[in-house]
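As structure tokens, the structure follows; a few thoughts come after it.
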Amino acid sequence: MSSQLAGAGTRIDIQNVTKRYAKSVAVDDVSLTVEPGEFITLLGPSGSGKTTTLNLVAGFTDLTSGSIEIDGQRVDNVPAHKRGLGVVFQHYALFPHMTVAENIAFPLQQRRTPKAEQKTLIEDALRTVGLSGYGDRYPRQLSGGQQQRVAFARAMVFSPRALLMDEPLGALDKNLREKLQLEIKRIHQEVGRTFVFVTHDQEEALILSDRIAIFNNGRIEQVGTSAELYERPASLFVARFMGESTVFRAPVEAAGPDWSMDFHGTRLRGPAAGQVPGRGALVLRPEQLRVAPRAGDAPGGAVKVPVKVVQNIYLGSGHKYELRLPDGSTGIVRTPLAESNGLRPGDDAVVYWSDRDGVLLEDSDLVSTT
Amino acid sequence: MSVSLKDPVRQAGQARRTGGAAAASGRRPLRLSPVLLLLPALALMAGVFAYPLAEAMWRSVAYPAPGPQNYQWFAADAGNWAVLGRTLWVALLSAAICLVLAYPYAYFMVISGPKLRAALMVIVLIPFWTSLMIRSFAWIILLQDNGLVNGLLAVLGLGPFELIRNTTGVLVGMVQVLLPFMVLPLYASMNNVDLRLMQASSSLGARPFVSFTRIFMPLAMPGVVSGSLLVFIQALGFYITPALLGSPAEMMISQYIYMQVNGQLQWGRGSVLGVILLVATLALLGLLALLMKKSKRAAGDEGGLL
Ligand SMILES: Nc1ncnc2c1ncn2[C@@H]1O[C@H](COP(=O)(O)OP(=O)(O)OP(=O)(O)O)[C@@H](O)[C@H]1O
Ligand SMILES: [Mg+2]
């Protein structure tokens, strides 16, 4: 069926790539290797350099320094139309004066595919994106979601070496976005090609990706599977960007890999850190924490910090607490329903956790909350 | 009455309803107001366009005596057909030359930065601020047998060429005058083309030349059509430029009309020429509209220029 689309993936090697504009550095010494057949997502806040990186790979932008290799071949000086990569844009970029079928035929015509073969390829591609029978329509006669599917079909019909997507679902509403996310995942599994996906939606990245590269200020902060990023964030930025967290910030007193810090009168400890920073930020995930009305309710070995309850939200499957830490910052705790304790907003309580949990990171925030 | 006394709520409702009805009926004459507002404009159009047109049509069959003799005169004389043919041909050439000159210019405007673009726009508009007469005389000075252009050509060992008192001179002058009418619609239409589509096209494997001809040009087509129409139609009725830069031996229809009416007091013949020019123009436009409609239906587009 989609056998023509299927094939081995392509390796993309981005090495020390920098893109400087007159007044800013959009991409700053980025290195990233995308493995054949991998689904990798570039995730990061607005202006962090995701689109620029993708455009550098696609060949729409010239790099300032560094190199990009596709399957071991340098492409820095290869123009976009010779790179053989499929690109899906946030704004669809369908040709308005061509029908759906003509749009999808366009890349095949550039490759001088025989007419008869074009026809079957177009039908296959339309079937893959669930739009059989729409070939004669014009783009403006389609909904946004349908247009984006056509854009996918057009970008994949010529069996590109890899598929690059820049926030392809950004313009769609939530329901449609979730539906198309699953379709993209399915298509990736079907065709087994290398996919590079750009988004600033953390949840979308978790659903789709084999690996995620976290961008910040034109640099990659960390690359890894979602579990790696969530459980072993390399920086406070990554910890905050990937899911909810509670951060305890204080100067660190270290002796070798063992460390402790004095957080407003409480001695905090945790797992040994590779590199012990001077100003520490101990990160704990909501499900690693517990709350109790009194310190005595917590198990003996636990680390305990006094807090004030700001909110106690009933979620059906459990409770979510919002807490005020002694330094004024906010803590988030999720507990199973069985551990309900009747705490109410305004109550004094104790947050506690096992000293085997937590990740000590360098406190990179310039302004500290007091 | 007694009901309404017992039921003040309903009474109030009723009052509101009748009040509403009164307000509605009071508003009704106001609904005509758009038409009323259009009346002065319609009167102006009738006075300035419809009346002279009707008058010309009337004169073409009524002067000097009632009957079709003016049309017979036109049909019988091959010279008349030659003038009509030359007029259409020169107008068509003007439009074509304007298009060839304006297309790259407008494209350059679209792809250049804001400052350069503003400068290019001013250069297009400057001729608008200069009198047509002065510009035509300037061309005479430049193009005459011992003028600047022939002088420069002589340096290269060429010429001298006859550049005025013929169709060449007319074309040079008309193209210069009409160029802005081609550049502006072209620019407007090209500016509407999403240049990101060219990126998409190159990502799909199209060479820059293919992206330009298969994506950019079709999408900029409306500007080509409206610009060409503007130039062509204005060129048909041009008088001053052909009169100053052309020759009586290669007359255009507006000069011919002037000659018939002013020189020979042949109001009827002058009117026939005018009517025939109008009919020929309408016929051409009709044909074009038909072609556009076909190509537009193919593009699934509703509404548009014509
Ligand atoms: N053509 C350009 N000229 C100058 N600066 C640019 C240009 N393109 C991008 N930049 C700058 O480079 C930085 C990175 O931009 P980029 O578009 O890659 O961000 P992004 O991560 O895709 O953001 P978003 O999520 O908002 O799309 C931004 O600060 C932007 O202002
Ligand atoms: Mg972007």
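Yeah, the Cβs are placed from backbone N, Cα and C, and that goes for glycine too.
In TrEMBL, annotation is done automatically, which means it is predicted and not curated.
If you look up TrEMBL, you'll see B:1-22 marked as region 'Disordered'.
Residues annotated as compositional bias 'Low complexity' in TrEMBL: B:10-22.
Residues 278 of the same chain, all 6+ positions outside the transmembrane segment (B:35-54), place their C-beta atoms under 8 angstroms from a C-beta of that stretch. The transmembrane segment annotation in TrEMBL covers B:35-54 (among others).
Residues or ranges marked as domain 'ABC transmembrane type-1' in TrEMBL: B:84-288.
Residues or ranges marked as transmembrane segment by TrEMBL: B:88-108 (among others). Distant neighbours of the transmembrane segment (B:88-108): 120, 124, 167, 170-171, 174-175, 178-179, 181-183, 186-187, 190, 223-224, 227-228, 231-233, 235-236, 242, 252, 280, 284; these residues of the same chain sit at least 6 beyond its ends, with a Cβ under 8 Å from one of its Cβ atoms.
The transmembrane segment annotation in TrEMBL covers B:120-143 (among others).
What TrEMBL lists as transmembrane segment is B:163-188 (among others).
If you look up TrEMBL, you'll see B:215-240 (among others) marked as transmembrane segment.
Per TrEMBL, the feature transmembrane segment maps to B:272-291 (among others). Listed as Cβ neighbours of the transmembrane segment (B:272-291) (distance under 8 Å, sequence separation of 6 or more from its ends, same chain) are residues 53, 56-57, 60, 70-71, 73-74, 80, 83-84, 87-88, 225, 229, 233, 236-237, 253, 256-257, 260, 306.
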